[in-house]
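Peer 1: Below are the features listed in Swiss-Prot for this protein:
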- 28-48: transmembrane segment (TRANSMEM)
- 50-70: transmembrane segment (TRANSMEM)
- 101-121: transmembrane segment (TRANSMEM)
- 122-142: transmembrane segment (TRANSMEM)
- 150-170: transmembrane segment (TRANSMEM)
- 178-198: transmembrane segment (TRANSMEM)
- 235-255: transmembrane segment (TRANSMEM)
- 282-302: transmembrane segment (TRANSMEM)
Amino acid sequence: MIGTNVAPRHENWLQVVKSYYQLTKPRIIPLLLITTAAAMWIASEGRVDLFTLFITLIGGTLAAAAAQVMNCIYDRDIDYEMLRTRARPIPSGRVQSRHAFIFAVILAILSFSLFALFVNLLSGLLAMSGIVFYMLVYTHLLKRNSPQNIVIGGAAGSIPPLVGWAAVTGDLGWAPWILFAIIFLWTPPHFWALALMIKDDYAQVNVPMMPVVEGEESTVRQIWWYTLLMIPCTFLLVYPLGVSGAVYGGIAIILGAMFIQKAWQLKQAPFDQVLARSLFKFSIFYLMLLCTAMVIDSLPLTHQVMVALGDNLNLLLSLIPLN
């Protein structure tokens, strides 16, 4: 039986808006949009159409919000059981499940309509596939049944760069799939670091997250190996694909070294909550800066500066006597 708290009615429309806004889990969405925007800048070689960018980000926001609302509906039983999530709109009784479902459907329809009308059909279909995969594969099939839930389910969170690339080009080449792979491999270290901190919550409601099923030591070993897989993947954009250059590559090296250091520290002390929290926070910082580096590297001005620096370096080298 699914329980809810008896909450007082909303006293005004502002409280209603606040409750529905909370259903969308808004803190999760910006990171998805950053990866979308980075893909668009790379695909357009730094000359992204601002209208297309705006519509794509709005459509992506609506799609992500729809997925999160549906997730809140599905997880209302375990949200009620956990003190940390009991105050959410549905388990607290502030929003009824049927109303939340209607809200989610409206968000999804608006998202697809924006993509189909103002961008292209492929980007809209990809956005909808993210919702379907997140709900059917991650939330329904995997989350409560497999410790690999966020590994496979992480594909849903890796779709935004595909949407962004398709919005610009109308198709998908190798580069967007590398972006997909980067986020896919980034997800386990990011999410398992969080799971290490709230392991008891998941255990309380019988959700088989990796730390609950395999323990901290096994979890941090897997965090370590996924980190080692992810970092080299980030350099594939530079070589062999050549869609990003030296600026991005240099920043990726620095960020990658920092990520490896933090993952190694956690591997050495798997029960240290402070290190787990540090890795979790850094993983967010890492992805944001990596995507920012992609954008900066793609700009025509950056290319001009790098060419000028290369020419000056060649000139200096030519002045050095060979013997």
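Glycine is treated like the rest: Cβ placed from N, Cα and C.
Given the structure is predicted, the values throughout are model-derived calculations rather than measurements.
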Peer 1: Would the transmembrane segment (178-198) and the transmembrane segment (282-302) count as touching if the test is at least 3 Cβ pairs under 8 Å, pairs 6 or more apart?
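Peer 2: When sequence-distant Cβ pairs are counted, the transmembrane segment (282-302) touches the transmembrane segment (178-198), since at least 3 lie under 8 Å.
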Peer 1: Count the CB pairs under 8 A between the transmembrane segment (101-121) and each of 28-48, 150-170, 235-255, 282-302, then give me the winner.
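Peer 2: It is 150-170 that shares the most Cβ pairs under 8 Å with the transmembrane segment (101-121).
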